[in-house]
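Peer 1: First the structure, which I've put down as structure tokens, then a few questions once you've had a look.
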Amino acid sequence: MAQINITNVSKIYAGGVEAVKSVSLDIADGEFIVLVGPSGCGKSTLLRMVAGLEAISKGTVEIGDRVINDIEPAERDIAMVFQNYALYPHMTVYNNLAYGLKNRGTPKAEIDARVAEAARMLEIEPYLTRKPRALSGGQRQRVAMGRAIVRKPAAFLFDEPLSNLDAKLRVTMRGEIKQLQKRLGTTSLYVTHDQLEAMTLADRLVVLNGGQIEQIGRPLDVYHTPASTFVASFIGSPAMNLLRATREGSRLHFGSQVLESDRLSALPTELTIGIRAEDLRVARAGEQSLTMKVDYIEELGAQRLVHGMLDGKKLTAALSPEIELSDTIALTIAPSRLHFFDVTTGKRLAQIVDGAVGKREDTGALEMAGG
Amino acid sequence: MYRTKFFDHVILLSGVFLMVGPLLVALMTSSHEAADIHRNGLSILPGGHFIETYETVLTKEGGFTGKITGLRMMMNSLILGLGFAAGKVLLSMLAAYALVYFRFRFATITFWMIFTTLLLPLEVRILPSYEVMNTLHLTNTYTGLIVPLLASATGTFYFRQFFKSIPDELLEAARIDGAGPFKFFIDVIVPLSKTMMAAIFIIMFVYGWNQYLWPTLMTTEEGFFTLVRGIKQILLVWVGSNIPDYNQAFALAILAMLPPVMIVMIFQRWFIKGLTESDK
């Protein structure tokens, strides 16, 4: 059990490529942090630096109160779960779990007890004498987690542990990882490119882009107040609609279409507007509305995703399946549901809160990198 | 499914005949008497002296000093073959381990330098090698016979390719599990390479067993002669009216063939597994 403090950590590869750019992150004891971002954003590199598998070019990483920059991975008191499980193929499941403990000179009786406990927790007791090759993907993943658990480490590091599983199993395992982590209360750092995994697992999620932190926050905070267009388009499915608009007084022009609100005056005249698909609804008669030309529909059962064009720009709306559709629909949105972003930097500008437009002063749940 | 047809059998049978025919002739001829062979040439029918010939070959003390028996030569060949194979496997594994898992300067260059020596046959460096061994007074020793041949580019190459196919995560998992370089090698690499080791071992055993030039150069004492050399020794007596013991030469040739054939046959399954699939 320990907190992890990552301070101004950079990774610079030979040749000057900077994969991670001065990232700082404080993880509280027992917290479940998910690093999420597209491939190449540096999330795995960051995790591997914490694990000790990559050298830290700049900055410091502390686990507990110990700077671990120059400490061997085995001495860092961490355990890691790999994407391809990385089980020792020639060892039985029991030996896979016990190997790390044996290397530490743990007494035989304690190894037995710990392996038995982990096996019970993960329900892999029947397989202890089998080799990994005789196990299914899900079982292997459990063994890989068992190997982490028996160590009783200060922190778990997960490197996309569910990416090799099929969709259904992924959902189950996701739940189990979450439960297990809550039960053990071990500080966890989890890397994924799957925003859904990130949303469901994280106590706090860290959105990375191009080696930098775009946003840190609780999943719902990130979802509802994305710090930039990047976060807005990355977190949430379907992705947030991002539309260019110009403001004239209290009117927002999307091409030829107009949305009016008396609370826009503090905003610049050129804007990127963010609209969550589920915030759009069909306009009642007489309401101001945007007209969308319907292209195609995705049925999700509980919802229906309607993809179409709003004055030549793509727009997606999540509507109830009961609503009858025609070639064009009139949609509307409450002004307070609009997100505003700077056109050039992509940074979040403001949100209409309680009817007032202003820079949102956040409570600390939201931190902007470099902001 | 493809049904085997008559013509396929013809092709296969003629292949078998081509490969096995000469061996059969050698075996049959070895069971005749030397004079008989001298008169009538090779034969494909068994003669009546099978057991005698082989007994003589294995136990009769012959050679220039009259001290060397076939059994002794077989022993020497085995020592050479096994030592050669075991040493090569060990050495090339360690070399490949260093090349793949340790980052040192010029690793790639080093590897390619080793690799290019694949192109050079032993004969190219046979004189300098002999010179070194001679200076170290290692001629007429098993050490001198085996050690200079141990470096193996082929083995190193195979093991390198194999190690490269082992996922990096395994190394990383082992590092987190507290296994140092030595432990990782013993606990993970060696067990994973078993089939590969078997395959290389077989290849190298046969190669070592069949060595002729190097043992000829290195050993002058007959106590160190190998089977392959022994065969030649028998034919060397052709002076004056002596008839070489053709039957014994054939018998020795058959004997010399047996161990490699047996090893390949026994370990065939491992051999194929090692060269074709990886156990990961």
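Yeah, the Cβs are placed from backbone N, Cα and C, and that goes for glycine too.
Automatic, uncurated: that is what TrEMBL annotation is.
Here the structure is a predicted model, which means the values were calculated and not measured.
Quick paste of what TrEMBL says about this protein:
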type: TRANSMEM; residues: B:7-28; note: transmembrane segment
type: DOMAIN; residues: B:74-267; note: domain 'ABC transmembrane type-1'
type: TRANSMEM; residues: B:78-99; note: transmembrane segment
type: TRANSMEM; residues: B:106-122; note: transmembrane segment
type: TRANSMEM; residues: B:142-163; note: transmembrane segment
type: TRANSMEM; residues: B:184-209; note: transmembrane segment
type: TRANSMEM; residues: B:249-272; note: transmembrane segment
Peer 1: For the transmembrane segment (B:249-272), what are the same-chain contacts with Cβ under 8 Å, counting residues 6+ beyond its ends?
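Peer 2: Residues 23, 26-27, 29-30, 53-54, 57-58, 70, 73-74, 77-78, 81, 195, 198-199, 202, 205-206, 209-210, 227-228, 230-231, 234-235.
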Peer 1: Among B:7-28, B:78-99, B:184-209, which stretch has the highest count of C-beta pairs below 8 Å with the transmembrane segment (B:142-163)?
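Peer 2: Stretch with maximum Cβ contacts: B:78-99.
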Peer 1: Is the transmembrane segment (B:7-28) packed against any residues at least 6 beyond its ends, judged by a Cβ distance under 8 Å, and which are they?
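Peer 2: Residues packing against the transmembrane segment (B:7-28) from afar: 42-47, 250, 253-254, 257.
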